[in-house]
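The block underneath contains the structure these notes are about, expressed in structure tokens.
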């Protein structure tokens, strides 16, 4: 009887294979979860760009700092923009200033060698200037300039006087008077309107340009002279 029961049990198990495949519910859910995690990792490895975008979105949503690479790129971008703005400003602004005579070296640029002036002469506005090195009396200086087809230095306006005083040493100018009782006149016989210092001294009857001012001096003194020739 016992042998029959044992045989029946073995036959029942053989005829019902589904019982052998049945597993506890707990094991089924555990295996399923593990398979899902493996599948998710494989997706992440296959799509690194999507994963990186997801991280950026997480940083943006949570208000956290971006990665160092992103900060470096942003800083370099700002530096490039500043440099480009500086270059554009230089390219546009400098020609504008030069065209409108705002350059600090405007006066120096006006005093340049010109093709219409003899060699070693400079030009300013519409005149050529000879820079003398010899010391002579006022009358000798007048004759020396005449031999150069020019006249002893003359002053037409305040701007010219300031310019010449800034680049030339003290020198005779073509202005004199016969005595302290006579007015100052140019070598062309025209009245000279600019103020000359020490005019009360009767022995000082020739004019000198000296550091942004005009001063009277003895005509027989030896001084440097400069000549002027109008174009």
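Just so you know, the numbers here start at 1 and follow the chain as drawn.
Even glycines carry a Cβ here, placed using N, Cα and C.
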If I go by Swiss-Prot, the feature transmembrane segment sits on one of 48-70, 71-93, 94-116, 117-139. Which?
71-93
Candidate set 27, 178, annotation N-linked glycosylation site, source Swiss-Prot, matching residue
178
Of the disulfide-bonded residues 128, 206, 219, which one sits closest to residue 149 (N-linked glycosylation site) when you measure Cα to Cα?
128
What is the nearest of the recorded positions 117, 128, 145, 178, 227 to residue 219 (disulfide bond), using the Cα of each?
178
So which recorded positions out of 117, 145, 178, 227 end up within 10 angstroms of residue 206 (disulfide bond), measuring C-alpha to C-alpha?
178
